[in-house]
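According to TrEMBL, the features are:
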TRANSMEM  25-46  transmembrane segment
TRANSMEM  67-94  transmembrane segment
TRANSMEM  100-117  transmembrane segment
TRANSMEM  129-148  transmembrane segment
TRANSMEM  215-234  transmembrane segment
TRANSMEM  254-276  transmembrane segment
TRANSMEM  296-327  transmembrane segment
TRANSMEM  348-367  transmembrane segment
TRANSMEM  373-393  transmembrane segment
TRANSMEM  400-420  transmembrane segment
TRANSMEM  426-445  transmembrane segment
Amino acid sequence: MIGAGVFAVWGPVARTGVDAPQMLLALLIAGAVAVANGLSSAQLAAQYPTSGGAYVPARERLGAWPGFLAGWSFTIGKTASCAAMAATFATYAIPAADGWQRPVAALALVVVLGVNLGGVTRTAQAARILVIPVLVILVGVVVLGLTATTPALSSASSASPGILPTLDPSAYLGVPGAGSADAPARYVAVPADPWSSPLAGIGWLTPPGSGETPGPLAVLTASGLLFFAFAGYARITTLGEEVVRPRRTIPRAVVIALAVVIVIYLAVAVAVLRAVPPWRLAVSPAPLAEVVAHAGPVAVIVVTVGAALASLGALLALVTGVSRTALAMARTGDLPRILARVDARRSVPWAAEVAVALVAVVLVLTLDVRSVIGFSSFGVLLYYLVANATALTQASGHRFVPRAVSVLGALGCVTLAVALPPLSVVVGAAVLLVGVLARLAAHAVSRRRRGARSRPR
């Protein structure tokens with residue numbers, strides 16, 4: 001649950017144009033939707049303790065197509081998350097080394113794949129090792145952020161030469177008073193960076209900013225992006241075949257994890273907004289490092305190392321979770337059956353894990369991975385829409401949350417998904433459509449083959 005999302009989302013969220021109070025409101029909205037989704041998912045996992053999360057129950061209770069929608073949405077969303085986490089690792093690990101972020105991100109994916117192929121037990125051990133120092137570092141960020149006497153504007157670069165890139169406020173703000181700590185985020189003109197996208201300047205595909213006045217839609221857009229940081233509990237519900245007493249363990253793990261994470265994220269958000277103005281968050285490649293910049297280069301180094309560790313921990317869990325969903329889909333024929341191959345000794349779906357890692361490598365080498373956060377949120381929100389709809393069909397004997405929770409979760413998913421930046425929605429819908437067309441084509445070929453075999457010769 002505590003992963004790189006908390007280190008990665010602040011810049012994209014600030015670029016929506018929201019101010020500090022609106023950002024906190026957006027965080028609460030994202031957290032509320034995450035709670036509803038988490039409870040519905042835990043309820044499903046208690047009745048269906050199998051790999052694949054909501055894919056299996058959606059297929060059984062709603063039909064093959066809703067099941068496919070859940071599984072495919074989860075797969076594309078979480079594969080995009082893998083790319084985003086690898087990019088976050090590279091950005092924090094070498095923030096001032098332009099041109100090397102993409103190769104380093106690809107290398108991180110290869111290393112994580114190797115660890116995951118060692119088995120889920122080794123993966124869990126590695127993730128647990130990373131959680132403790134990350135929590136300590138986040139506590140330090142909160143303390144230093146809340147005790148900062150002035151916002152960390154130009155101090156980040158002067159306190160940490162060679163660690164954080166130099167940012168000149170006047171280069172990024174197109175309004176009178178550029179360089180002021182109070183310069184509103186909506187006037188930010190984001191500069192080019194190693195992850196820039198060729199689509200970034202295309203009119204209506206460009207996220208809000210550049211002079212727009214933030215309103216309710218901007219808050220919802222920010223909420224959709226912040227949901228990316230809350231989506232880790234989905235990984236818990238995809239491991240039903242690999243945990244002890246899943247009917248009891250998974251619901252409890254989801255509820256406890258969400259409660260802890262919401263408290264931590266709220267504390268971090270308050271500290272970030274106390275120490276760094278939104279406009280600087282929008283242009284900084286390492287926003288949490290900005291929070292502690294006033295404490296000197298040692299603090300910046302500690303936070304950047306912590307962010308890199310958090311990214312690796314999240315990446316470990318992401319590849320594990322999405323590969324289990326791909327495994328479940330391959331078993332039913334919704335994905336190529338080669339992805340159902342499992343290492344008999346370690347019980348690892350090695351084919352699915354290799355496929356996920358390869359696709360993520362392609363993403364980090366070719367696309368604007370920062371904007372992929374929105375793409376990931378779009379896919380995962382659609383997954384939870386199906387999960388909530390499936391939870392509504394469960395009998396009373398399997399329910400432990402009111403139906404209203406699942407209804408609110410479904411409505412929240414739809415609202416946040418359509419409010420995401422247009423580029424994320426367009427790309428997400430296009431990839432979803434490709435999957436639907438591929439499934440239709442595969443089924444048509446299968447029917448023709450069965451018909452040919454049934455004809456008398």
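The first residue you see is number 1, and the count goes up from there.
From the backbone N, Cα and C atoms, a Cβ is placed for every residue, glycine too.
Pairs of Cβ atoms less than 8 Å apart link the transmembrane segment (400-420) most often to 373-393, out of 129-148, 254-276, 296-327, 373-393, 426-445. Recorded stretches compared: 67-94, 129-148, 296-327, 373-393, 426-445; the one with the most Cβ pairs under 8 Å to the transmembrane segment (215-234) is 373-393.
Looking at 67-94, 100-117, 129-148, 254-276, 373-393, the range that has the most CB pairs within less than 8 A of the transmembrane segment (296-327) turns out to be 67-94.
Long-range Cβ contacts of the transmembrane segment (100-117) within its own chain (Cβ-Cβ under 8 Å, at least 6 residues beyond either end) map to 82-83, 86-87, 89-91, 93-94, 123, 126, 194-195, 311-312, 315-316, 319-320, 323, 343, 346, 348, 350, 353-354, 357, 360-361, 364-365, 369.
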